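A.B. asks: Before I ask anything, let me first share the structure, which is written out below as structure tokens.
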Amino acid sequence: MRNRGFGRRELLVAMAMLVSVTGCARHASGARPASTTLPAGADLADRFAELERRYDARLGVYVPATGTTAAIEYRADERFAFCSTFKAPLVAAVLHQNPLTHLDKLITYTSDDIRSISPVAQQHVQTGMTIGQLCDAAIRYSDGTAANLLLADLGGPGGGTAAFTGYLRSLGDTVSRLDAEEPELNRDPPGDERDTTTPHAIALVLQQLVLGNALPPDKRALLTDWMARNTTGAKRIRAGFPADWKVIDKTGTGDYGRANDIAVVWSPTGVPYVVAVMSDRAGGGYDAEPREALLAEAATCVAGVLA
């Protein structure tokens, strides 16, 4: 990653991405048949329960209702650890709080600031990184140090975590909360409400950020582009949808077998849906292995309904 300013080219590319994934959705939204409805929830719930048994896991799923489809819900209002899914609304909070020129601000840091899973930040200790580069690293590579530096930049009287939670409250999310930075936020024991959200809450936040007006078009385009080029989600929601669906996402992984993914997906005709899939395997203890295949199979169930 070169240390250079956030230029017009990057913004134009991001705007092009936003048009490509949403333009056909606007065109198609009025053409969807009124008969497009979801099947009875019991059948899907049984399939999700079977996945829980097979993977020895707890699964949470939420797909918000659209004008012609009912919501898909399974443990949608149970709390799950954020893990790195918080980085998508974190970047949105930074974009919301500042003008686009803020993306060129250089942030310097030392080796003492490097945290686990920081593949990008650890390469730039000598040069520092711009806010724009930190946003890119936090979303596309789930870089923990980048996220902590963005939290510090977000600032506020109670610190970055309080400012982040406050941003969620401004979007109407009264459930989610962030209490710690990376990597501690991934380590809270089962049943602890710190650093948690629900599939329902995070899905509605993502809906506002990508499909709503929580961000102006230019900033929304940047967030959409970074999520579209995410490098960590190939085996999760993306794996569960057919190749002709467009998917943008942000993953999260943590202790106690936690594996999450939040996404916006577009059908081949351009119809958008928000999909949140969260999981943990607390019964396996602190070192339980996250199961990406569980998320992929849950996404396949969702895709089968939406298709």
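Counting starts with 1 at the first residue shown.
Each Cβ is built from the backbone N, Cα and C atoms, and glycine gets one as well.
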A.B. asks: The substrate site in Swiss-Prot includes Thr251, Gly252, Thr253. Which of Ser142, Ser170, Ser176, Ser279 is also listed there?
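C.D. replies: My reading of Swiss-Prot gives Ser142 as the candidate in that site.
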A.B. asks: Tell me, which recorded positions from Ser84, Lys87, Glu182 are within 10 Å of Thr253 (substrate binding site) if we use the C-alpha atoms?
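C.D. replies: Qualifying among Ser84, Lys87, Glu182: Ser84.
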A.B. asks: Quick one: pull the CA-CA distance for Ser142 (substrate binding site) versus Ser84 (active site, acyl-ester intermediate), whole Å only.
C.D. replies: 7
A.B. asks: If the substrate binders are Ser142, Thr251, Gly252, Thr253 per the record, what's the largest distance between their Cα atoms, in Å?
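C.D. replies: Output for substrate binders Ser142, Thr251, Gly252, Thr253: max Cα distance 10 Å.
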A.B. asks: Can you give me the residues near the recorded substrate site, meaning same chain, not Ser142, Thr251, Gly252, Thr253 themselves, Cβ no more than 8 Å from the center of the site's Cβ atoms?
C.D. replies: Cys83, Ser84, Thr85, Thr232, Lys250, Gly254, Ala259, Asn260, Asp261
